[in-house]
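Here's what Swiss-Prot has on this protein:
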- 1-24: transit peptide (TRANSIT)
- 362, 422, 425: [4Fe-4S] cluster binding site (BINDING)
């Protein structure tokens with residue numbers, strides 16, 4: 001064990017500069033594409049500071065989109081005593097989820113949202129105009145080199161056009177309406193190289209289905225992906241949008257493609273269409289009276305292409321994955337899991353009968369997808385006993401498909417049309433899977449119960465495979481597909497290289513003068529005894545049982561009594577003992593409290609806020625893990641619970657205290673929660689150091705992410721709601 005003295009300059013190994021262990025950033029350090037885009041939208045940074053993966057930053061995004069959930073966001077916004085939007089041009093409302101629902105209740109909700117948009121001058125797209133993500137792209141809100149967020153998990157979609165898109169929660173959306181900004185921890189960044197060229201009949205959908213199936217061990221969980229490689233230029237923009245869209249299912253929080261000449265040509269086509277359509281139909285406030293479209297215009301495109309945002313040579317990535325596109329054949333995802341991907345030829349014998357087929361969603365229902373399905377079904381009929389549902393990604397898409405004759409081709413084949421919107425993809429409206437049925441869909445999720453009955457089976461595939469299956473009644477490829485001409489590989493060629501290994505011992509000096517001062521009122525140190533839960537994927541239900549979730553009158557004290565009940569029934573009592581025995585703080589700048597340690601993906605599962613507040617109410621001000629579930633992270637920091645990632649510390653704790661030296665088996669002492677006697681932890685908020693004192697003589701210091709200024713702002717104001725009120 002080595003103690004690190006307090007010196008003016010510290011020497012640390014290069015591995016400590018990983019996404020979770022960076023001490024500081026110099027101006028000369030190369031940045032990734034994601035880091036560069038975030039740099040443009042980060043506010044409140046000290047002069048000369050370059051953002052890095054792992055940093056907590058305050059972001060002022062270009063736009064924030066909400067859909068049917070705009071209603072609850074309005075309620076949250078008004079509950080904060082907000083009367084006006086910080087910037088009416090920033091939000092975009094697009095009603096797209098429950099568009100088939102003509103009930104009085106739903107129509108009243110939609111009218112309320114429209115009235116709010118009109119009152120505040122927000123761009124509003126009514127039900128039937130299309131899926132929000134498609135609108136954000138085709139109306140130019142998402143733009144190369146920009147950052148756009150939405151209160152929907154498929155915001156990754158915008159990465160298909162070189163725009164950093166990521167999901168936020170509803171409270172964040174209300175905060176952006178009020179203040180123009182939200183906090184974000186820049187995730188670890190993974191490079192995915194797509195090499196070679198797809199064979200005829202293989203599509204972008206096959207690429208992402210294969211990636212999610214091949215790399216199914218959480219290689220990109222909660223990461224931001226940057227796509228590179230020689231194969232990118234051969235992918236159409238629609239294919240890139242499909243791939244970026246489904247990086248969500250792969251586990252990533254963003255997936256961004258580079259800006260290239262193919263994207264420029266695509267946008268030139270979009271601009272021509274916008275001009276032909278007079279761009280202001282339907283009218284939205286941002287275009288009223290404009291002679292030139294405020295987003296879709298040649299000058300803006302020229303600027304984006306001339307000043308392309310690209311990664312610096314030598315930029316650091318947490319891992320590098322690669323897939324040889326030339327070795328890929330059509331793939332099918334499922335049943336009922338995106339982590340299971342099978343080459344289409346392997347599913348042909350014995351045949352798998354289907355009951356329903358779907359060409360809907362923001363993933364694969366653009367004009368090129370509809371054309372692909374129409375080519376397969378031209379002159380054919382949907383098989384007897386099969387229902388084939390189609391819905392365009394937007395009304396603009398449907399107009400294009402109708403003009404090309406493709407929409408009518410599908411109708412003539414027996415397809416049943418639905419309005420432009422989400423529909424069956426999210427289990428709303430007509431045509432859902434019934435008990436015992438099998439469906440194949442060009443959508444993005446096939447989780448059990450997602451598209452109907454939990455007793456149904458769902459597969460995902462490309463539009464051509466979906467259409468061919470609808471015509472034949474079994475899962476199959478188009479008749480034009482010659483299997484003998486496809487790449488003859490048992491599986492595609494792929495690889496993974498992890499960077500930042502602990503074996504790299506290049507010393508890096510850290511200058512104390514580069515450290516940013518902490519906000520007044522934020523603790524310089526967190527210090528106290530530790531509790532170790534040696535468990536990966538500890539769910540929010542384990543932290544706070546569902547049976548308490550809707551007890552709205554439950555007190556903070558009661559939350560503390562049931563915290564971690566489903567994981568360890570003795571946890572609450574253990575935490576209480578530590579809380580009552582806390583010594584006096586070693587200095588006025590130190591916040592005393594027990595500190596919880598656990599494994600990876602801590603807080604996976606449902607979005608219940610009480611999982612975070614129960615831990616905080618149990619006297620635990622800070623949690624240290626290998627990684628956190630993204631929504632849990634947002635809920636925690638929004639409620640003043642500090643989270644720190646330190647994989648090296650968790651590794652040592654696991655080896656020393658977990659049964660058999662691995663997590664998920666409890667502790668060596670037979671307990672689910674380990675409390676090492678006499679051990680204490682001290683977290684240095686400013687430097688990103690975690691010092692573990694193992695008694696009077698021994699201690700060891702670990703690198704961790706520093707507590708960023710954005711998190712400090714929320715904490716000193718008592719959480720997100722207090723921060724918003726203080727900002728008004």
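Using the three backbone atoms N, Cα and C, a Cβ is placed for every residue, glycine included.
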Which are the residues of the chain, 362, 422, 425 excluded, whose CB is within 8 A of where the CB atoms of the [4Fe-4S] cluster site average out, their centroid?
96, 97, 131, 154, 360, 361, 363, 365, 393, 421, 423, 426, 443, 444
Work through the binding-site residues one by one (362, 422, 425) and point out the residue whose CB has the fewest other CB atoms within 10 angstroms.
425
Tell me whether residue 362 ([4Fe-4S] cluster binding site) sits in a helix, a strand or coil according to DSSP.
coil
